[in-house]
Every structure is written in structure tokens, then in C-alpha cells.
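According to Swiss-Prot, the feature (6S)-5,6,7,8-tetrahydrofolate binding site maps to 116, 117, 118, 119, an assignment based on sequence analysis.
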């Protein structure tokens with residue numbers, strides 16, 4: 001029978017996604033977490049005060065030693081890590097490059113929790129890209145537990161798990177995958193300790209890349225199908241945010257204006273056949289925008305400099321007296337310059 005706390009683990013991670021794995025490892029009877037590595041404290045918030053990472057906060061709560069080197073390329077940092085004599089390096093969204101000398105340190109393996117079904121969506125933004133690209137019915141996202149190699153997210157895979165994308169935003173899918181990854185990580189570490197873990201090489205011909213998102217990735221393209229627009233909006237929620245600009249026509253007691261908005265996921269409505277994509281209409285309660293095939297009713301909206309609000313509040317406030325029916329068009333911020 002295996003002894004308790006016989007797996008010496010150095011955990012490496014930084015954001016909330018990684019904290020889920022650390023929390024689960026701390027509850028695993030075999031885990032002896034000898035150290036937690038996380039990125040240095042960074043300025044955050046309006047005051048730009050130094051803030052601890054989610055992983056550091058949890059490690060301190062758990063009473064685990066914390067190391068925060070700016071790099072692991074130097075001999076001193078590597079010697080400090082080697083002194084922990086890890087059986088495994090358990091890595092999740094750490095954010096620092098691990099040199100070959102570091103990858104060779106653990107007795108069993110350096111293992112990474114990656115939020116995609118590899119070899120698909122290697123890179124920095126697999127969760128957001130999975131939602132944005134997963135607009136077709138039955139689309140799924142997942143987790144891969146892989147052995148870390150010298151190439152980004154290209155190492156052999158020990159285990160995978162998946163879940164339906166459904167109506168997830170990238171924010172809600174992030175949380176679901178963090179928990180799934182934490183469970184799979186413990187399973188793989190147990191298999192490694194028992195000598196039954198098998199890592200399967202990835203098929204390079206199927207590899208795709210999930211590039212980091214920028215603000216422009218949130219500019220909504222209303223010429224696409226409503227399902228694709230809905231997936232784009234969910235994929236960039238909460239960050240970097242789905243953005244459009246309403247160009248509204250003048251009417252009785254209403255001056256023509258342009259209104260930039262960040263929009264939350266809404267609902268797909270009836271066909272918009274015969275209506276130009278981007279056309280805006282309202283019925284006094286909701287604002288809908290014509291996509292390439294159907295109308296899309298907006299969810300919560302956030303005008304510039306304001307907080308999220310129901311569309312009804314916007315229509316009763318800033319857009320009071322906006323003529324009902326088709327009343328303008330929506331364009332991307334780039335097209336509105």
C-alpha cells in the first residue's frame with residue numbers, strides 16, 4: 001500500500017486557473033508539496049500597488065513555502081529548485097520559461113495542465129479561442145495533462161478530458177476547465193507514482209495555435225452568422241470584451257449619434273433575410289442587430305465610462321425617444337473611425 005505524502009511536488013503556477021490545481025493537490029493524501037513557484041508580485045488596480053498572484057495567496061494560506069524568481073535561467077535559481085528534490089514539477093499557467101536544466105530535475109516528470117484538447121489550440125489563449133471557434137452544435141473544449149518538452153505545448157500527453165462548450169463564456173469555461181484539470185492532474189500524478197502512466201506523442205499534422213487575444217478580437221463582425229457572432233461575444237467575455245458602435249438615425253426629439261458599447265452575450269432570434277447585416281432595431285424593450293442570417297438580441301450593455309446595464313435602462317435613459325423599428329446600423333470600432 002502506498003504511503004501517505006510520498007510524492008514530492010514542486011508546484012508552479014500563477015493565476016486563478018492554476019490555484020484550482022494547487023488546491024486539489026493539497027487535498028491529495030499522497031502530495032507532499034515542498035514548494036510553490038509563482039511569478040513575482042505585480043502592480044495592479046488603479047493604485048498600481050503590488051499584488052500577490054492567486055497561487056501565492058493560496059500557498060500562504062496552506063503554509064507552503066513560496067518562491068518567486070523573475071527567471072529560472074540562472075544557476076542560483078536552478079540550484080534553489082534542485083534542492084527541493086522534486087519527484088514531479090506540476091505546472092499550470094506559470095508564465096515563465098522552463099529551461100532544459102529545470103525540466104530534467106524531477107525524478108519522474110515535469111507535467112503541465114493545458115486547457116485544450118491537444119494538439120489543437122496550443123498557445124496562450126486556448127479557452128477563449130475554443131469558445132470563439134466552437135459555434136457549431138456539439139463543440140467541446142478540454143484539458144490535456146502533458147509532459148513538458150522544449151517546444152511549447154508539444155510534449156506527449158498523459159491524459160485528456162473534455163466538456164461541452166454549450167453556452168459557456170470564456171470566463172465560465174475557464175472555471176469549469178480549471179476544476180477538470182485539477183482532477184486529471186491528480187490522476188496522472190498517481191499513475192506516475194505507480195509506474196503506470198503512459199504519454200502519447202501528439203500528431204503534429206493536427207496542431208493549431210491559440211494566439212493571445214487583443215482588443216480587436218472583440219470587434220463584432222455582424223456579417224457572419226448569428227451563431228458565429230454569439231460565439232465571438234461569449235469568447236471575449238469577460239476579456240477583452242465584445243465591442244460594437246451603434247450609429248443611430250435621427251428622429252422626432254432624437255438627435256443622430258454614435259454610441260460605442262461593450263455587449264454581453266444575448267440571444268439568437270428570427271431570420272433577418274432581406275435585412276442588411278448590422279442593421280439595428282428596437283421595440284422599446286430590446287435592441288437587436290441583424291447578422292448574416294438572423295437577428296441577435298443584445299444582453300447587458302456597457303456604454304463608455306459606465307457600468308453594465310439592461311438594454312431597457314439604456315432605452316429609457318440615453319436613448320429615450322429613439323425611433324422604434326430599424327433605427328441605424330452597428331459597425332466595428334475600426335469601421336467607425
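Even glycines carry a Cβ here, placed using N, Cα and C.
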DSSP-derived class (H/G/I helix, E/B strand, else coil) of residue 118 ((6S)-5,6,7,8-tetrahydrofolate binding site): coil
Non-site residues, in chain order, whose CB comes within 8 A of the mean position of the CB atoms of 116, 117, 118, 119 at (6S)-5,6,7,8-tetrahydrofolate: 114, 120, 121, 122, 126, 142, 144, 153, 157, 160, 202
Candidate with the highest Cβ count within 10 Å, taken from the binding-site residues 117, 118: 118
Residue among the binding-site residues 116, 119 whose Cβ has the most other Cβ atoms within 10 Å: 116
